[in-house]
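Features reported for this protein in TrEMBL:
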BINDING   Arg20, Arg21, Thr22, His49, Trp136, Lys137, Thr138  FMN binding site
DOMAIN    17-166  domain 'Nitroreductase'
REGION    174-194  region 'Disordered'
Amino acid sequence: MVKHVRAEEPTSIAKIIRERRTIRSFTNEPVTKELIIDLLNDAVWAPTHGLRQPWRFLFVSTDEKERFIEYLLQAFPNDQQDKMRTYFHAQASAFLIVIMSEDPRPKQWEEDFAASAAMIQNFQLLAWERKLGVVWKTNNHNWDPKVRQLLGVKPGEKIVGFLHLGFFDSEQIPEPKPRTPAEEKLTLFENLKP
Ligand SMILES: Cc1cc2nc3c(=O)[nH]c(=O)nc-3n(C[C@H](O)[C@H](O)[C@H](O)COP(=O)(O)O)c2cc1C
């Protein structure tokens, strides 16, 4: 019988899950569509109820970044454009926008949102393995009708993640933010007091 004992060394999956950090500063190495398609073709093996695969993607490569930022700035008031230009330039080398189709049925909506999040985490872990850093951004502009329109997000769709991407320097990985041990959030049935 297989015993489910903890290995002396973390498995490679546990290692990557623990080591992955949100990365906010990137090198100049360009991010190409070939790499992103490769990563996404693994990430989409996430669980998805009813095999609905509710996601689609908009990718902006490093080569297109400058033109994309100027395009997107149209959505922002004049007095915010300089700030947003600096922000987008400084905080991404490329962008991947994950768009989910919104099922009007609440159960299916939740399942689809959960599947999209699982797929994004797959992507983040796969990217980490290739030294491609990710910040999963949920800034207010993800809900802005002007941003949605410029990005071709249709009624009945939502932006789940505006991912800022770029290669990272292994010497400059942020310190981990320790997690609460699961035991502190775990109730054993023997102690359950409803
Ligand atoms: C759904 C979601 C939304 C997030 N939105 C943002 C965001 O808008 N801006 C940001 O800087 N980080 C964002 N993050 C990244 C978290 O801040 C980050 O995961 C957290 O600080 C823990 O750091 P770590 O990923 O390095 O462990 C988001 C993460 C998730 C899962």
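Just so you know, glycine gets a Cβ as well, placed from its N, Cα and C.
Structure coloured by features recorded in TrEMBL.
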residue : record           : contacts (Cβ under 8 Å, 6+ apart)
Arg20   : FMN binding site : Gln124, Leu125, Trp128
Arg21   : FMN binding site : Gly133, Ile173, Pro174, Pro176
Thr22   : FMN binding site : Gly133, Val134, Val135, Trp136, Pro174
His49   : FMN binding site : Gln108, Glu111, Asp112, Ala115
Lys137  : FMN binding site : Gly161, Phe162, Leu163, His164
Thr138  : FMN binding site : Gly161, Phe162
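For the domain 'Nitroreductase' (17-166), the model's average pLDDT works out to 97. Helix, strand and coil residue tallies for the domain 'Nitroreductase' (17-166), in that order: 76 helix, 30 strand, 44 coil [DSSP]. For ligand 1, the nearby binding-site residues are Arg21; that is, of Arg20, Arg21, His49, these have a C-beta under 6 Å from one of its atoms. Other Cβ atoms within 10 Å of the Cβ of Trp136 (FMN binding site) number 17 in total over all chains.
Under DSSP, residues within the region 'Disordered' (174-194) fall into helix, strand and coil as 7 helix, 0 strand, 14 coil.
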